[in-house]
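These features come from Swiss-Prot:
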ACT_SITE  193  active site, nucleophile
BINDING   156, 182, 193, 279, 403, 408  substrate binding site
């Protein structure tokens, strides 16, 4: 059950000049399900990517990194769902390369100018016969307004498509930003998102785009977690087609800050949508750590709380057993933490002060907050002035059911 997940209507999704998308049913995931997506990018488009830090990197991730490292143009992307092409060794690597070659022939572009992406079951061979047979239909479907279909086409256990679209004024010009993401489980990206594609018709110089992709991932997709698992296939792609008549060459350009902020807002929304649609989620939780000595320790504490199964199940049950939060803070890895300076709020309710229970705290007040669909947990460490935030969800019975039945 998605938690307050707002999806724009198809008519509200804005095409990005220079991007065409086609979707097809290849039978990789399930019969009658769109599971193959192709992006075609106009000449002159700039592309940058950020990928999983999992050492068990999927074959398509390796191919993407190799193609981007060549420094040439990227003219197309191809995404399949239902199979991750991970844990497949040399044959899987060849399949990812062959996918690029097959699409390249259809689009008349070199294979090294294509980026492949896969998501789904790990340790299973990619069904190349079905994938390559589906490519012509995806290419035939290419159109500027293909974002809505693509958002559906990249889904796995997602219950709803995740789309963001907006227009902003940059340097007196109208700039369009549209993106999609997918993911509902195995989400602690530590780099980007499960799969995320964000495009703008502004022009951004390639070196700046690479740095911007890293920054956007860090403030958005690197701040979410569902279950603490980092996927083998996580990929975030940032595309700038340069069709809007606005070009940013350096971070010092007057237009850069406004464009960066608009892209960051889009990326953050796409990241939060993943948590709102997390497998079995009934609560959307914001874990904010304040008064930390640095960002690293703020995130250590936030993730310790966000990853704790005991904390997550307590929120599912609306059970104010909040000592579980204190325990998670204690094992977060800050060796010199002075717990006597710690304060904890649940929404507007002060639960703990000076490392112990607030004398005025009433459990009924805590439970009132925990029954809400969206919950803010604030933790003040009393160590400094740095703050950071992580977004997560509860663990429900449905999470276990979804993952137990995933391959059945």
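One is the number of the first residue shown, and numbering goes on along the chain from there.
The backbone N, Cα and C atoms fix where each Cβ goes, glycine too.
Keep in mind that this is a model prediction, so the values were computed, not measured.
Shown here: features listed in Swiss-Prot, placed on the structure.
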{"residue": "156", "record": "substrate binding site", "DSSP class": "coil"}
{"residue": "182", "record": "substrate binding site", "DSSP class": "strand"}
{"residue": "279", "record": "substrate binding site", "DSSP class": "coil"}
Neighbouring C-beta atoms (10 Å sphere around the C-beta of residue 156 (substrate binding site)): 20
